[in-house]
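In what follows, a single structure is set out as structure tokens and then discussed.
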């Protein structure tokens, strides 16, 4: 059985900010948030996993006292860094493409762009007049989109200047924002009960999707950009065809407000979280409910798929993050780090890290560790991920109202990694540079289009004025 692991950050001589109590045994004191990982693969319950570690008598299990952090085994997630700079609850997080930047939004009306490189100063962007509810980097990483309770959307250039463009069309709080995979458009969801699609570089609203009958909390593009999925307080999840602008299916299995939804990396499944404390996974081809998890004791606020498609991380108002193994259909880890509700969570594009935010005003960056394959190499060459339809990787049907019971050890639960494709570093850097230059070129063309439009309008106005003058002139 894998023991629970207590990782504590000690601060000699200083008053601790937080105290963590255990079921049995001693207490851990920490200036930085303490972290408890319960590997429940070999325990009847999360409590049993913790108690087993307490009785094991191993100093490695609970963390040896001293100024240094106890070293976790390589397979366990670990708290890598935490950022503090927001003045109110953190509502959203997102990594840039190269994982060099992490953006977060807060009820303090500001965006923060944190640098993963140590000792680097963060950027604070002020522009929204109310809570920042959502953030999302463009696929290239050169743009950052945000939505707010002030009913506006802003597109920022994530550098020290922090320049932004404002988009207006919603008539209520903007809850969600997400770029299409080509970066040419983005989708928003709002309390005005609509889902709206926008052009990124033309900087204009394109069309609305309006069949929800209550607030829409989340909307996401499919990996191929053809579909949009939305989640609403009307207890439904709807799938839309972007081209026809029609709702092609509705999922109605949630018993309360649906807070979050996202596509599986393969595009064949969707997962949704709800105020009913559940996470549900559907097959979009058959519309069957494949998996049902009821592992949290409070509302599930957000979720994120690992790029491999094998794992799902959730954030809940019960203050925990949970990592699910979708191939085994079971809970792998419960992470206790935030004080108060965990409001948001997101994997990096490579899956090496995931970030979380909470009502404690903190942003935490965790190292995944549980998957050794370098998915960054796979993603760079656009190698298709294993689909859930393949016989060896079929997503099992699971109904899990309580934490799963005894099973195989943690090591045996690891999915066999696919052989990564090796790409020369020089080629990768060149391709990334080309993508960046193309993005700049697209923005330049967009500016030229705007100036041309202004020139045409002025010319049209001059011609109209000339016609009026000629009409008024005596014969």
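In case you wondered, yes, glycine gets a Cβ from its N, Cα and C as well.
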* Feature region 'Disordered' in TrEMBL, mapped to one of the ranges 361-391, 392-422 -> 392-422
* **region 'Disordered' per TrEMBL - which of 1-27, 28-54** => 1-27
* Asked: Near the repeat 'WD' (167-208), which same-chain residues lie under 8 Å Cβ to Cβ, leaving out any that are not at least 6 residues past its ends?
  -> 131, 133-140, 143, 145-149, 151-155, 214-221, 223-225, 228, 230-232, 240, 242, 245, 439, 442-443, 445-446, 449-450
